2 protein chains.
Amino acid sequence: MSAEFTRAESRDVSDSREAETEGHLQEHDLVAAKAPRIAIEAVMPAIDQGRFAAKAIIDRPVRVTATIFADGHDVLAAAVNWQDAQGNARREPMQLVRPLGLDVWEASFTPRSLGRHSFIIEAWWDTYGTYRDELSKKHQAGVNVELELEEGRRLLVAACERSEAELREALEAVHERFQAMGSPSERVALMLARETAHLMAEADARPHLARSEMSYPLEVDRREAEFASWYELFPRSESGDPDRHGTFKDVHRRLPMIRDMGFDVLYFPPIHPIGHAHRKGPNNTLVAGENDPGSPYAIGSEEGGHEAIHPELGTREDFRELVRVAANHGLEIALDFAIQCSPDHPWLKEHPGWFSWRPDGSLRYAENPPKKYQDIVNVDFYAKDAIPSLWLALRDVVQSWVDEGVRIFRVDNPHTKPLPFWEWLIADIKSRDPGVLFLAEAFTRPPMMARLGKLGFTQSYTYFTWRHTKAELTEYLTELNEAPLRECYRPNFFVNTPDINPYFLQSSGRPGFLIRAALATLGSGLWGMYSGFELCEGAPVPDKEEYLDSEKYQLRARDYAAPGNIIYEIAQLNRIRRENPPLHTHLGIRFHQVDNPRLLFFSKGLVGKEDPVLAVVSLDPFEPQEGGFDLPLWQLGLEDDARLAAEDLMSGHRFHWQGRHQWLRLEPGQLPFAVWRIKRSEG
Amino acid sequence: MSAEFTRAESRDVSDSREAETEGHLQEHDLVAAKAPRIAIEAVMPAIDQGRFAAKAIIDRPVRVTATIFADGHDVLAAAVNWQDAQGNARREPMQLVRPLGLDVWEASFTPRSLGRHSFIIEAWWDTYGTYRDELSKKHQAGVNVELELEEGRRLLVAACERSEAELREALEAVHERFQAMGSPSERVALMLARETAHLMAEADARPHLARSEMSYPLEVDRREAEFASWYELFPRSESGDPDRHGTFKDVHRRLPMIRDMGFDVLYFPPIHPIGHAHRKGPNNTLVAGENDPGSPYAIGSEEGGHEAIHPELGTREDFRELVRVAANHGLEIALDFAIQCSPDHPWLKEHPGWFSWRPDGSLRYAENPPKKYQDIVNVDFYAKDAIPSLWLALRDVVQSWVDEGVRIFRVDNPHTKPLPFWEWLIADIKSRDPGVLFLAEAFTRPPMMARLGKLGFTQSYTYFTWRHTKAELTEYLTELNEAPLRECYRPNFFVNTPDINPYFLQSSGRPGFLIRAALATLGSGLWGMYSGFELCEGAPVPDKEEYLDSEKYQLRARDYAAPGNIIYEIAQLNRIRRENPPLHTHLGIRFHQVDNPRLLFFSKGLVGKEDPVLAVVSLDPFEPQEGGFDLPLWQLGLEDDARLAAEDLMSGHRFHWQGRHQWLRLEPGQLPFAVWRIKRSEG
């Protein structure tokens, strides 16, 4: 007996015939005959065939597809049954996707609430559809259909018999009309009528009903999961004086400026007390001076751990006020969740069983090769006393900040903490507030990057920071648009971070910052920048991807009105993003022909109902680049000589393109990119 | 609580810690901490993540791969546990595939018996591997490793404690040597020694042991499942006289000839009694003359059904003798399993409950659009009385022919019979004889073609017959070499069948037959031809893909020595196939550059240890074609100016190519293809 038949799987839930039991009949004979006759394959959206939840956004349609087929040539029917987190269930009929050939069916539904949704696919034999199909063909071919009409009448009678109330009455009325009719062609017309088909579908016994092998989970997030602009700053640098530690109160005066630049999320590195032991000095030196503030990632001191606020930043009430005021400016505060501890973290004394001590009573300091964190030690999630108390304590830390109104967490190095821990923690937090978002700060190998998205991280840092050539950008953005990443991985394109001063920007000057800002803002619904980017800061520690005099180890005061800044351009780009729905996601990007390897030409929203956006970005911060490019007219259903209404979204200039072939020149000293909106409706 | 954690799935089977139960602790906290820490993804070979069995061949290595990773930077270990149909289990350690970057691990094992095998993947924390790695790096960096040596000693002691007998003694001996050593570098050498690593691996507690989500099934077939040459004939045509019905005895004199052409399988269309009602006449006419034999696919008469032999072919003893004699010639008889019935089939009277009767007491005749089979009716697998008696009766039919020594079945139109029926029937038959092979004769849409392979058909008819251009052939053969078809679908390239007289061959003349023979024999391990092909027969029913005067409806006598035949070339091609292992499968094909769109240049076995085969086939049966082509030297690890020893396998001529660029001309009047073997070892 084959293994498949012992496995619990999709069931044929049609009438469970009582099989005639013969003497030599074994159990498997019965099981096989009850196995689903209809195959349901390749269900999407699904991650690892339903092991993890695919990602969706509230109020945006979810397109479900599946390959559905069975033996023979009869007509099938299919539907998606979906339900929300509260268990409210709905059904959407599926349609066979034309053109034919691959048996792909589709349906769309739009989730209207947050949290864990699920769907299953059902398919069954469409007996009346098959009958109509045959009757129609034979009737058109002029064949005598007396026999078919009698078959139809019997289907009608059977449908009456299994129906009740109004439906039964309606079907009986059809039957009476059928009986009263004299001519076969009248009867054919009645049997083919839409109303008859509708009633018969309602009365359908759904023979050979098959269900997809499982219920596919779908995590519905709020819009900010896919569309948001992040601004990162160190509050301690916001005093305006490099010798005075900044506070939450100091951040207030920055809020209008950040909001005016068009940002939605204001993200702070850890705000907790900083340890003293092995504190780092400026530029990651191993010995700190007396007044050096230390790395905020060395969390914990005698003043508290992950639940506490660094006293120099202000009080808890100061933090609450900042969250409130920021919200009034349309800015949501995001916090860092970095699990590591400084050697002074209270947990080392209170919970020594959460750590893995070495024979000499020391702890191994943290490393994320090639980086070394001598001021940090890690908990051991599987240490003797860690389960479940450490896991619960960490969950409680996150929950405590959720309780303070923080609903976005940037998670530091999640790939060095256990996968089941994250899957549990995220599900646990979201079970109380499905609007909480988690950004995974993992820079590691691709399978782990994807897995963090699968197990629940809302969005993720990416390789964007290291993709610069036309080939690299095209390949990477295409990969993000395809399964499996499309279903599980929402990219947040950070142009820089306190940890990453990209080599490209170290020497590119202002045009390079504009190039990266354009690529990030137009390429992904999610993008982020760390303060200083708008001032085109790029001075490195020599030969390293690190900032010189990094804020990770010292206070920095900046002149945010310094000449040469790109604040205006960033504000413009963020405004363009807000006003153009195709830019609210990384999905739907297409690359187009341009005759210059240093120009990247792409569109967003070419398929759909919104007005699409076109962009050409020069990848060269030094020299002007020009070239011919082809407007994607045929994809818009237009002829090669069509007239196309466009708007230059940076300048507001409106004009018409005439014909497919166009030419453009981008000057790095002016604007190294162009972005247009196409009027779908106007010629 | 998230759905994932309630689902039964891969388990972390490491030490089941008793979690400390706190007051507010809910069940899911415990479950999450016991979930597998190590991710095992993308296990191959697998079909639909293990729902169906992947295909393998006895005595050929099966390469298993998986993406395996976990949090952090520690070293992991993994193994494949596999077992055969008798439950004998073995373990193969897996290795990380270099180069790194994707966390892919691999192992190979070679099944030595037929039938349903299975494998699972296990992965665990390689504690000692991680330790060695760190010790080695630090020692090489000149760091003081006293602390690491003490950690190693403790690992050694713990390993002793959990080991027994000889292993324990050996580990204790290592510990004693360690203690007796004076210098740290001696101790480092001992801890890094291969023997120590070997003992520690043996004593490994395998912490965080994770198992793949399921046991992956693997169907191991005999060699003929993937490599065989099929010859099809109608025994009734073998009398040599168009007016005398041929018999099994007549077939005997053809056996040496067929064997000399290099065929392994001799396949007969149905050999059962033929019905009289609605019997078809010559060229598919609806009325048969008195002496017309009818289509052998109209199975069943008063002389019996599927279990019976058509009396005009001979007796059961004649059939048995033919099977025996054919086997002595190295030919295996394959039979047709065509489930349909003629209206005279005994089942209509004996088991009316197996059929779906129309209101007027008639049965619908069979159709496979656009073809109509007025002489055939179909059983209804889900009719009231069909379960399980019809299913069992059909199984018994197949078994009865297996009992007669037939172990290969060509199954007629399986896509019009229920999928669960086939999955059950094939598993049932193979549970008694795993060497029985089933060829699916389905020509329908791709998902069904693949599904039949997935559910158990050993091999399948293909779209090859309709692939002619360079682009079509390249695309199709590439698709067959890639997942998912690679795992589930073994293509049998028939150049023609009684149902398919390809348009290409109707007008191509002899060169076209040579072209298609070369493509089939060199393209796939499995190929087949229907008699007449070797005589370049191609006369069609006008504008149809049907043979004129088809043997399906009348007797045909042929002169197998007729001039212009391609018997010699077919024999050569089959010999070349036998002698060159890369040609024993459709897998491993690669396409190469040739500067002529009418020339197809491909190789088999370029990767591996066998000598590879190169072939260039002209796709033009009318004009000579020539062009430059590039030898795949770099794929063989050779420089562009290398000297390559080659043998022309059709002529036996041996020569050397010098350098990458070569030129060739193929004359349709001579030989429209070239095939060479490359000597991997000789320059």
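Backbone N, Cα and C define each Cβ position, glycine as well.
Just so you know, TrEMBL annotations are computer predictions that nobody has curated.
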Among B:K280, B:K470, B:K604, B:K609 - the residue TrEMBL places in the same alpha-maltose 1-phosphate site as B:Q340, B:D375, B:N413, B:K552, B:Y553: B:K280
Stated TrEMBL location of region 'Disordered', expressed as one of B:1-28, B:281-308: B:1-28
Lowest local Cβ density among B:K280, B:K552, which the record lists as binding-site residues, within 10 Å: B:K552
Same chain, 6+ residues apart, C-beta under 8 Å of the C-beta of B:D375 (alpha-maltose 1-phosphate binding site), given in sequence order: B:G275, B:A277, B:H278, B:R279, B:K280, B:G294, B:S295, B:Y297, B:A298, B:S342, B:P343, B:Y365
Distant-in-sequence Cβ neighbours of B:N413 (alpha-maltose 1-phosphate binding site), under 8 Å, six or more positions away: B:A338, B:N368, B:E441, B:A442
Recorded alpha-maltose 1-phosphate binding residues, B:K280, B:Q340, B:D375, B:N413, B:K552, B:Y553 - maximal Cα separation rounded to whole Å: 19
Between B:K552 (alpha-maltose 1-phosphate binding site) and B:D499 (site 'Transition state stabilizer'), the C-alpha gap once rounded to whole angstrom: 8
Spatial separation of B:Y553 (alpha-maltose 1-phosphate binding site) from B:D412 (active site, nucleophile) - C-alpha basis, Å: 17
All-chain count of other Cβ atoms within 10 Å of B:E441 (active site, proton donor): 21
Mapped DSSP class for B:D499 (site 'Transition state stabilizer'), helix or strand or coil: coil
CB within-chain contacts under 8 A for B:Y553 (alpha-maltose 1-phosphate binding site), separation at least 6: B:K280, B:G281, B:P282, B:N283, B:N284, B:T285, B:A288, B:D292, B:P293, B:G294, B:S295
Distance from B:Q340 (alpha-maltose 1-phosphate binding site) back to B:D499 (site 'Transition state stabilizer'), taken between C-alpha atoms, in Å: 17
Neighbour count (Cβ, 10 Å) for B:D412 (active site, nucleophile): 21
